[in-house]
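To keep things clear, I will list the structure first and then write my remarks on it.
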Amino acid sequence: MDEAYEGNIKNILEQTSLKWIFVGGKGGVGKTTCSSSLAVQLSKVRKNVLLISTDPAHNTSDAFSQQFGKSPQKVNGFDNLFCMEIDASQPMENDQENSTDLPDLGVGDNQIWNISKKLLSEVSGSLPGIDEAMSFAQIFKLIDSMEFDCVVFDTAPTGHTLRLLSFPSVLEKTFGKIVDVFGQVKPLIGMFSGMFGGNINSNDIYQKINEVLVTVKKVNAQFNDPDVTTFVCVCIAEFLSLYETERLIQALMAQNIDTHNIIVNQLIYPEKDDKGNIACKKCKSRYNIQQKYLSQISDLYEDFHVIKLPLQESEVRGPEALKSFSEKLVNPEV
């Protein structure tokens, strides 16, 4: 492979301008192990790194053998690596069990926040997923306030991830629409305020919407900047996974999100006898299938960094196991 596209993640580690790194792909390909390992490597070269799981399954706790919650928590064995597990479909709340109070999100109290969501839904024609999108805005405002040097997302399977990545654009259009027509909907404020048993000044809501709009515009611009955001695709050398990866890459290109790294995980390298033959028939069959799709990956993504990772003999769990496995992202031969 051309040196410009060598098979490791050194290009990501050396690109110090990167702020947002998404790791995703089809379910069951090892996304969490790869995203956790990437975060481990980044912690060696960055001031502080945050790993966020947006997958409802939340496998990061299992990967590090440590329970994480809705607030950033330092990972055992690291000084500058933090992890949190969030569900974008649920509003951000304080995690009483694992963390101290969250910092001020700049969104205002729950009453103003709820009314703002009602108002957004009313003006945008009951936009599907508005609660999820608004929670997404809260999450990014929280992250932005903490000033992490780099953020790695362990994402849910492809469909959910693409929706997640579209939120900044959707929110910017929606919030912009609210700001533009706010004067026309002021009479609604009193109605919504009464529904929640309060008396909210319309200027308060307008201010909160503007505050979130600023964050959303910033994130949207950063998502479309290859110097700031990139997506790492994880797959295995099988037809369905390769098909899903191509669909994902095409969707990322359509959303103008950079991607130039593919991790091909769980590759087998069967032992050979003295004559150079593979004794295990099933191993040989699986090896041949993988080599077939590796060849296709090389042809399709010749301008990508393709990292080939071997199938492990045991589970990769716990900080030490992840530290060891993460070295393969830098040097797959180790």
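Including glycine, each Cβ sits where the backbone N, Cα and C put it.
Nobody curates TrEMBL annotations by hand; they come from automatic prediction.
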Listed in TrEMBL for the ATP site shared with Lys26, Gly27, Gly28, Val29, Gly30, Lys31, Thr32, Thr33, Asn265, one of Glu6, Glu14, Glu238, Glu271: Glu238
Protein Cβ atoms within 10 Å of Cys283 (Zn(2+) binding site), excluding its own: 14
Same-chain residues at least 6 apart in sequence whose Cβ lies under 8 Å from Glu238 (ATP binding site): Ile289, Gln290, Tyr293
In three-state DSSP terms, the structure that Gly30 (ATP binding site) belongs to: coil
Distance from Asp55 (active site) back to Thr32 (ATP binding site), taken between C-alpha atoms, in Å: 9
Nearest-integer angstrom distance between the alpha carbons (Cα) of Cys280 (Zn(2+) binding site) and Gly28 (ATP binding site): 25
Count of other CB atoms lying within 10 Å of the CB belonging to Cys280 (Zn(2+) binding site): 12
